[in-house]
Every structure is written in C-alpha cells, then in structure tokens.
Amino acid sequence: MIDEAIRSISKKYTIGGHISVAGGLHNGPARAAVFGFPTFQFFSKNQMRWSSPPLKDDEAAAFKSEVRKYGIESTMIHASYLINLASADPDLYKRSMEAFHDEIDRSDKLGSTFLTVHPGSNPDRADGIRRVRDALSTIGDHAVIILIENTAGQGNVIGTRLDEVAKIIDTSDKKLGVCIDTCHAWASGYDLRDSLEKFIESLDYTIGLDRIFAFHLNDAKREMGSRIDRHELIGKGTIDGGLINLIRDDRLRAKPKIMETPFGEARFEDNLRYMSSKIGE
C-alpha cells in the first residue's frame, strides 16, 4: 500500500498516469486509485490495430460506474498510434479519419474528458497542418475535448513547434485544445530545465494557457533538441528539476499531468516519491 503522504501529491498537483486496462476497461479506475490519481490515461482499444470490436453498452456503463466509485475527476483516452491526420496518402488518410471518428465515438460513450491524438506526419509541413485542420473540421458534435499533442521532431512529424500546434487549433471550438508532452517539448528544443518561465510564456503567447488542457509528464533520456522521443523516469533524465518547477507552478497546478514513463505502473510510486522529496512534502 502506498503511503497516503505520497498519494496526496497526486491529488494536490493533479498528477496521473497511463494505466493498463488489461482484463477490461472497468479495471482502469481501481488501478489509478492505488496511486491516488485524480486523473488517468488509457487506450480504449488496441492502439496498434486499425479495427477493434465495438464498445458494448455494458462495458461503457461499468467503466463509468468505476470512475464514479473511485472519485476520478477526469479521464484521457490516447488515440491509436496508427492515425495520421496529416498524411497526403489518400488510403492512409481515409483509414486515419475512420479510426479517429471511432475514437471520438468511443470517448463519448465512455464519458471520457479528453481524447489526445498525435497530428501525424507529412514532408510538406504546410499541407500537413492543413490536412489536420480539415480533419478536425469534420468531427461534428462531440462531448469529449480533443487535444492535439506536440511532437518531438523525429522525421516529418507535424506539431514539433508551438506555432504549428497553434495553427492546427486556430478555431473558436472550445472542445479543441492541446496536450503538452514535456519530453517532446524538450526534444524539439524548448528549455524546460533552465528556462521554464520562458517556455510557459511561449505557451501562453502562441497557444494560450486556456487552450492547454493537460500535460504528458515525462523526463527525457536525450539532451534538449535531440529530436528523439525517449521518455525517462521523473528525475532520472535530462530535464530533471524543470519538471518539479512545472508541477508546482500555480498556473498549471489544476491541469492534468499524465506520466507516461518507462515501466508504467511498476514505477509510478518511485516517480511520486521523487516528486515528494523535491517538493518537500
């Protein structure tokens, strides 16, 4: 059993993690509650397959019941890694759109607060941004808040720079926002370690803090600007203390911060203990 003092860090700073739903979606909330998480992320289906069995009504009802039972304040579904809304390939774009719409439907059926999706890749960055914007314009009415995640800069991915992310969500749709991955931001050249305030100001200026709904809280294995997406345990990587300052920032405290660190649930307690030791609680 994890000490209540450690669990309290999760609640005070709105920290969660990516949780396995092996054995059924309804298992997620109980696993999140072990760490005192007020929020958590999960896959609603196999993230490496295009198709999946339809979500049954009783599965959705059981999940929502467990969310209420454990007092989970918000949930986040991570969309399939196969989706590429920026693709210029007609077949891939069509499959991506179908999968994206399915993710939205599943999110609404499960009552998920957020759905986070990677924008995708395209060697023509302007065309890629346009295609993602077009994709977002087709989704119609939905309850879930859709979040575009910034990327680390590998290959031809779109959304590496904050101004690209801002262009993608340049709309008045209040159910469209951004999830900032700290490892990705660091890998793409933003200094979260020694210039966090400058980074937060950049977020506010280019996107708006009101459009930043959540963070993926990850340290990084590689140096700033590496353009390599390799997550590390909190405090064991190259961002180090910058993440503690981000967690403690009053402007960001209430925003969900989801850990996607190596070994998942097996090391979440280590992450929380490190945070507690550095925060002094």
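Cβ atoms here come from the backbone N, Cα and C positions, even for glycine.
Residue environment of His118 (Zn(2+) 1 binding site) contains 25 other Cβ atoms, counted within 10 Å of its Cβ in all protein chains. Positions annotated as Zn(2+) 1 binding site by Swiss-Prot: His78, His118, Glu149.
Sequence-distant neighbours of Asp181 (Zn(2+) 2 binding site) (same chain, 6+ apart, CB under 8 A from its CB) are Glu149, Asn150, Thr151, Ala152, Phe215, His216, Asn218, Glu260. Taken from Swiss-Prot, the feature Zn(2+) 2 binding site applies to Glu149, Asp181, His216, Glu260, supported by sequence analysis.
Taken from Swiss-Prot, the feature Zn(2+) 3 binding site applies to His184, Asp229, His231. Under a cutoff of 8 A between CB atoms, and with a sequence separation of 6+ in the same chain, the neighbours of His231 (Zn(2+) 3 binding site) are Cys183, Asn218, Asp219, Ala220, Lys221, Gly237, Glu260, Thr261, Pro262.
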List every residue in the same chain as Asp229 (Zn(2+) 3 binding site), at least 6 positions away in sequence, whose Cβ is under 8 Å from its Cβ.
Thr151, Ala152, Gln154, Cys183, His184, Ala187
Find, among the binding-site residues listed as His78, His216, the one whose Cβ has the highest number of other Cβ atoms within 10 Å in the structure shown.
His216
Could you check the binding-site residues Glu149, Glu260 and say which one's CB has the fewest neighbouring CB atoms inside 10 Å?
Glu260
